[in-house]
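Peer 1: Sending over a structure as structure tokens; questions will come in a sec.
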Amino acid sequence: MAAKVALLFFTFGLAFLATVSADPDLLQDVCVANFNSGVKVNGFTCKENITADDFFFAGLAKPGLTNNTFGSLVTAANVQKIPGLNTLGVSMARIDYAPGGLNPPHTHPRATEMVFVLEGQLDVGFITTANVLISKTIKAGETFAFPKGLVHFQKNNGQVPAAVIAAFNSQLAGTQTIAATLFAAQPPVPDNVLTKAFQVGAKEVQKIKSRFAPKK
């Protein structure tokens, strides 16, 4: 019962996020994204013929596979999966974590994020621009918010899988994972930038870059 009540409040929170969207306001009822248009705009142009399927996505119903390096998987439900979200200023995601799994430090440049824990327990946190860590352990039925643009993470330190539903006040929040952004960018960030920034040698930088290199 408590979990159902918490989910209800989370739904209201999602509706509230939509009212304070980080995206521009819509100027019509709907503007379903036309991915085939060659016109470049801030968002997507509108397609003419729309159906209910443009507003539907079943991808959050099942757990994602977490047998990867970080032991976590993000399943997005944004405008790229639900074209009807174009101009509506809201999106969601499901994040699954294996025991010990990590959603590594990252940012969403276009949105605030709010997570609702479906199962398990997570250690979560974000870092302010004053370099202060704000962190907490959250469990099933609880929520936590990550302010727009701030570096944040979630870690499953438990012995069982965990999962959350995340809400964003943008149709496409964008994600920059800190390590991958710096060490896997193409063209690559110069080694002399990274050695000075992290106060390490060139060999250490090359070793880290090799870990993020595409598997052949």
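Placed from the backbone N, Cα and C atoms, the Cβ positions cover glycine too.
Copied straight from TrEMBL:
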- 1-22: signal peptide (SIGNAL)
- Cys31-Cys46: disulfide bond (DISULFID)
- 58-206: domain 'Cupin type-1' (DOMAIN)
- Asn103, His108, Glu113: oxalate binding site (BINDING)
- His106, His108, Glu113, His152: Mn(2+) binding site (BINDING)
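Quick one: where do these features end up spatially?
Peer 2: Counting every protein chain shown, 20 other Cβ atoms lie within 10 Å of the Cβ of Cys31 (disulfide bond).
Each residue of the domain 'Cupin type-1' (58-206) gets a DSSP state, and the totals for helix, strand and coil are 22 helix, 57 strand, 70 coil.
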Peer 1: Cα within 10 Å of Asn103 (oxalate binding site): which of the recorded positions Cys31, Cys46, His152 qualify?
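Peer 2: The recorded positions close to Asn103 (oxalate binding site) (Cα within 10 Å), listed in sequence order, are His152.
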Peer 1: Given the recorded oxalate site (Asn103, His108, Glu113), which additional residues of the same chain have their Cβ within 8 Å of the Cβ centre, ordered by sequence?
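Peer 2: Neighbours found: Ala93, His106, Thr107, Val115, Phe146, His152, Ala166, Phe168, Ala173, Thr175.
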Peer 1: Round to a whole number and give the Cα-to-Cα distance in Å for the pair His106 (Mn(2+) binding site) and Glu113 (oxalate binding site).
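Peer 2: That comes out at 12 Å between the alpha carbons.
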Peer 1: Cβ within 8 Å of the Mn(2+) site's Cβ centroid: which residues qualify beyond His106, His108, Glu113, His152?
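Peer 2: These residues sit around the Mn(2+) site: Thr107, Phe126, Phe146, Leu150, Val151, Ala173, Thr175.
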Peer 1: Round to the nearest Å and give the CA-to-CA distance linking His152 (Mn(2+) binding site) with Cys31 (disulfide bond).
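Peer 2: So the Cα of Cys31 (disulfide bond) lies 32 Å away from that of His152 (Mn(2+) binding site).
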